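Quick look at what Swiss-Prot lists:
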- Asp162: active site (ACT_SITE)
- Glu87, Glu112, Asp139, Asp162: S-adenosyl-L-methionine binding site (BINDING)
- Lys166, Asp198, Thr233, Lys234, Phe235, Glu236: substrate binding site (BINDING)
- 1-34: region 'Disordered' (REGION)
Amino acid sequence: MNTNTPAHPPEGAPLSEATQAALASAEHAPDSPGATHIRSFVHRRGHITQRQRDALEQLMGKWSVPYAPRPLDMAAAFGRQAPTILEIGFGMGETTEKIALARPGDNFLGVEVFNAGVGSLLHRIEESAISNLRIVQHDAVEVVRDMIAPDSLAGVHVYFPDPWPKKRHHKRRLLQPPFVALLASRLAPGGYLHCATDWEDYAVQMLEVLGGEPLLRNTADGYAPRPDFRPQTKFETRGLRLGHGVWDLMFKRA
């Protein structure tokens, strides 16, 4: 489950200066003038494995796209024209890898701030020879606002975002009305927004916020069944076995 908390390498053999510079935008890039938002992640030190460190060092240039405050040329980034799916907060990338492999006709752009998660997915991409997946390591709000052209996405996945369970922290939840409106504007007509959470009160908020966006319509009467393309994670399977709930929401651009 993604916590949207960027990890920092522990003390030891440092990443190269070039790699550090490539990673820095995920933590230090300023907002565009006059455009500010409450970030849905916090800066804390975290563990990163040697394999993840090696992937960051060796594979960022091959499979990642640097943040830039201008629309991304998807055809150039992927080397082909294909429907593009944006995934926000892919955690360690297990689900992202499986979906990209199962849907070779689509392009997938994953956005994450964790060094450990980015390193993990880079390794998965290389190991599984996934050609239809790219990564942007940067704040998701800025990526959507600055790099995604209006009416351009075939779909958006937001799976298990940080629930920020304390009431005073709910303002940090990713899926707030302004961001949902921004996501909806980036979807092509007929494009979908698929969210999943295992926190019931966040599911209630998601349903309210998505249902209040004029550009979106619910494809179900309330919550949706888990679509076949979203694999059930080990964490999710264990939670369901213990009686915990998982709520999927599927909305489409009108």
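Heads up, the Cβ atoms here are built off N, Cα and C, so glycines get one too.
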Worksheet item: What residues, ordered by sequence, lie under 8 A Cβ-to-Cβ from Lys234 (substrate binding site) and sit at least six positions away in the same chain?
Response: none
Discussion item. Of the residues named as substrate binders, Lys166, Asp198, Thr233, Lys234, Phe235, Glu236, how far apart in Å are the Cα atoms of the most distant pair?
Written reply: 26
Practice prompt. Sorry to bug you, but what's the C-alpha spacing from the residue listed as 'active site' to Glu112 (S-adenosyl-L-methionine binding site), rounded to the closest Å?
Written response: 12
Worksheet item: What recorded positions in the list Asp162, Lys166, Thr233, Phe235, Glu236 lie within 10 angstroms of Asp139 (S-adenosyl-L-methionine binding site), counting C-alpha atoms?
Response: none
Worksheet item: What does DSSP say about Asp139 (S-adenosyl-L-methionine binding site): helix, strand or coil?
Response: coil
Discussion item. Return the residues near Glu236 (substrate binding site) by Cβ distance under 8 Å, restricted to its own chain and a separation of at least 6 in sequence.
Written reply: Asp198, Val246
Worksheet item: Got a sec? Which of these binding-site residues, Glu112, Lys166, Phe235, has the most Cβ atoms within 10 Å?
Response: Glu112
Worksheet entry | Cα-Cα distance, maximum over Glu87, Glu112, Asp139, Asp162, record's S-adenosyl-L-methionine binders, Å | 14
Worksheet item: According to DSSP, does Glu112 (S-adenosyl-L-methionine binding site) fall in a helix, a strand, or coil?
Response: strand
Worksheet item: Reported as an integer number of Å, what is the Cα distance between Lys166 (substrate binding site) and Glu87 (S-adenosyl-L-methionine binding site)?
Response: 25
Discussion item. Using the alpha carbons only, what distance in Å do you get between Glu87 (S-adenosyl-L-methionine binding site) and Thr233 (substrate binding site) once rounded?
Written reply: 16
Worksheet, complete the sentence: By a three-class reduction of DSSP, Glu87 (S-adenosyl-L-methionine binding site) is assigned strand
Worksheet entry | Cβ-based isolation winner (fewest other Cβ atoms within 10 Å) among the recorded positions Glu87, Asp139, Asp162, Asp198 | Asp198
